[in-house]
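Taken straight from TrEMBL:
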- 631-640: compositional bias 'Basic and acidic residues' (COMPBIAS)
- 642-653: compositional bias 'Polar residues' (COMPBIAS)
- 56-449: domain 'Cation/H+ exchanger transmembrane' (DOMAIN)
- 1-22: signal peptide (SIGNAL)
- 70-94: transmembrane segment (TRANSMEM)
- 106-123: transmembrane segment (TRANSMEM)
- 135-158: transmembrane segment (TRANSMEM)
- 170-191: transmembrane segment (TRANSMEM)
- 203-223: transmembrane segment (TRANSMEM)
- 235-265: transmembrane segment (TRANSMEM)
- 285-308: transmembrane segment (TRANSMEM)
- 329-351: transmembrane segment (TRANSMEM)
- 357-383: transmembrane segment (TRANSMEM)
- 395-414: transmembrane segment (TRANSMEM)
- 426-449: transmembrane segment (TRANSMEM)
Amino acid sequence: YIYVALFWMLLLLGFCCGMVFGDQNRSDPHDQRVFPVLSINYDYVQMPFEVSLWILLASLMKLGFHLLPVLSGVVPESCLLIVVGLLVGGLIRVMGKNPPVLDSQLFFLCLLPPIILDAGYFLPIRPFTENAGTILTFAVLGTLWNVFFMGAVLYGACRLEAGRLASVDLLSCLLFGSIVSAVDPVAVLAVFEEIHINELLHILVFGESLLNDAVTVVLYHLFEEFAHAGEVTVGDVFLGVVCFFVVALGGVLVGGVYGVLAAFTSRFTSHTRVIEPLFVFLYSYMAYLSAEVFHLSGIMALIACGVVMRPYVEANISHKSYTTIKYFLKMWSSVSETLIFIFLGVSTVAGPHAWNWTFVSITIVLCLLSRVLGVVGLTYIINKYRMVKLSGKDQFIVAYGGLRGAIAFSLAFLLSSDDFPMKDMFLTAIITVIFFTVFVQGMTIRPLVDLLAVKKRKQSKCSINEEIHTQFLEHLLAGIEGVCGHYGHHHWRHKLNRFNKRYIKRCLIGGERSQEPQLISFYNKMELKQALMLLESNSSANLSAGVTARSRKTLNISKEREEEIRKILRGNLQKTRQRLCSYSRHTLKPDAEDDDWSETRLRKQRVEMERRMSHFLTVPALPESPPARRARVESGEPLRSDQGSSLTAVFEL
């Protein structure tokens, strides 16, 4: 069946390519003497037909890849898609047509945003925030190191090499280094999701690939402007540093604003559930476009928008809308990723190329060398401040997982041939680096992970017991930090969660869900999850039988009674965290309960002393004869305790 399916897929592919790129013999309508029963007007449907054909090709290739488990276990999907693109490009070239090239505008405005939105919307917040310092170090300092190290060494190699490379100046080398140094998020996602690496390494490499976009964009535009101007001053360098913060923080600000708008809009969609997913897609895409208008980081804007709006949007929309958003994003990003790799293969056939063995070889060696030196050097510094150290195996996977992809190709394709006459050589070298990282590193990283016994991702989800104990430890650590006066990340996380619950949720979440206790909210989610699992796992017959059996066991409660029970629970549930006085090592505020307890204890002590004094005054001493008492006094023997107490009481009276 697999071979038959592949045969029909190839047959359909050849038929469609013949239809698209074949010559269309159209007759002049003025020469027709009879009514045309069948006519061909391909120009009317050319654009949507070709787009649909490419999407169909991408979907069929992905389907065929997963039908062969032996092939998918050895070769990454991205490698196979590039090979398919090479075959399609060669077929188009044999037919005498020019293969299409991956247009930069098509890539940045249509194909890249779905992948970044899917990654940002479903980004694991907790691992990302816990490793934010390490990710930023790799993304900013690591990318700067790669750019300037590669640019300087390439410039030196071009000076030593006589001939064509002697015309390459320093700015061109630095610009090429800024293009080829950045880790590509599309390639990282395509490879790392297949090898199921552990969550720490995945978030380090993927987070670096997302956040180094700001550095790449700034350096790319900076060196491009310097090449136009012809000279560089100290003020230009200072403005370039300022531009980095503007691009990065501006992208985050734009994405955050659109995320808040999306969350606030979803508060009023309870009566029109159909358009709820549309607001998520439109606000996210508008954030990306608005950032690109001002040359800000569109990737940072998409990530910020997805992270900000997700918790509030999911609390407002229905579960059907959530399912629509989830599967549409996964489908959209998967198709875009497939098209990107196919277009890379087709663009390789399209050319033009200018091959130079020296430049290409030095570029590949420098990509590996700068990556290894940067990761090892930065990890040596990072491990001094990390609780969980990065081992040698982790450093190897982080360095080896720095893959390049279509972003580098698109940036190089945007270069002007007038300002950069070596553009064709740069494109050839970048395509070679992409193929080397995707094929060689992508195909060998899975055996290396198995050989080094690197910890992989946990397939099973955490149980409720583990989640409860995790939250308990978080509250405990936040309390310990509060008592010690140390304001760590647990303290600030608790402050942020309390501010979010007290103010932001009331503005962005509609209805009573903003004030609903956690216990009821968790119960509703668990109840809905169990119902969906029952729907997905059982057939209609089993479902009706299960519903009948369950209805016999449960009580028939009216909606009014259920709402009354919920109100009782909301009003009488114990608060998980009480508002206590903050601790200070210098001043301790007196507690009213402590004062009452002290007064009660003093009152009890006073009553006990009065009882003892009355006992001493009322109980007489034992009778003793005067001669015996006189003899004891003369001999110096001390009095008995009861006699001393009686005498003391008498003297006090």
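Start at 1 and count along the chain as shown; that gives each residue its number.
Note that Cβ sites are derived from N, Cα and C of the backbone, with glycine treated the same way.
By number of Cβ pairs under 8 Å, the transmembrane segment (170-191) is matched best by 395-414 from the list 285-308, 357-383, 395-414, 426-449. Between the transmembrane segment (285-308) and the transmembrane segment (395-414), fewer than three CB pairs separated by 6 or more residues in sequence fall under 8 Å, so the two stretches do not touch.
Long-range neighbours of the transmembrane segment (203-223) within the same chain, counting only residues 6 or more positions beyond its ends whose Cβ lies under 8 Å from a Cβ of the stretch, are 116, 119-120, 124, 127-128, 131-132, 134-136, 138-140, 142-144, 147, 171, 174-175, 178-179, 181-185, 188-189, 192, 240, 243-244, 247-248, 251, 295, 297-300, 303, 397-398, 401-402, 407, 411. Among the stretches 106-123, 135-158, 329-351, 395-414, 426-449, the one making the largest number of Cβ pairs under 8 Å with the transmembrane segment (357-383) is 135-158. Sequence-distant neighbours of the transmembrane segment (329-351) (same chain, 6+ residues past either end, Cβ-Cβ under 8 Å): 54-55, 57-59, 61-62, 78, 81-90, 92-93, 98-102, 107, 110-112, 114-115, 117-119, 121-122, 186, 189-190, 405-406, 409, 431, 434-435. In this chain, the transmembrane segment (395-414) lies out of contact with the transmembrane segment (70-94); the count of Cβ pairs under 8 Å, excluding pairs fewer than 6 apart in sequence, is fewer than 3.
Tertiary neighbourhood of the transmembrane segment (395-414): same-chain residues 101-104, 107-108, 111-112, 138, 176, 179-180, 182-188, 191-192, 197, 201, 204-205, 213, 216, 220, 340-341, 343-344, 347, 367, 371-372, 374-376, 379, 423, 426-427, 430-431, 433-434, 437-438, 441-442, 445, 448-449, 452, 454, selected by CB-CB distance under 8 Å and a gap of 6+ residues from either end.
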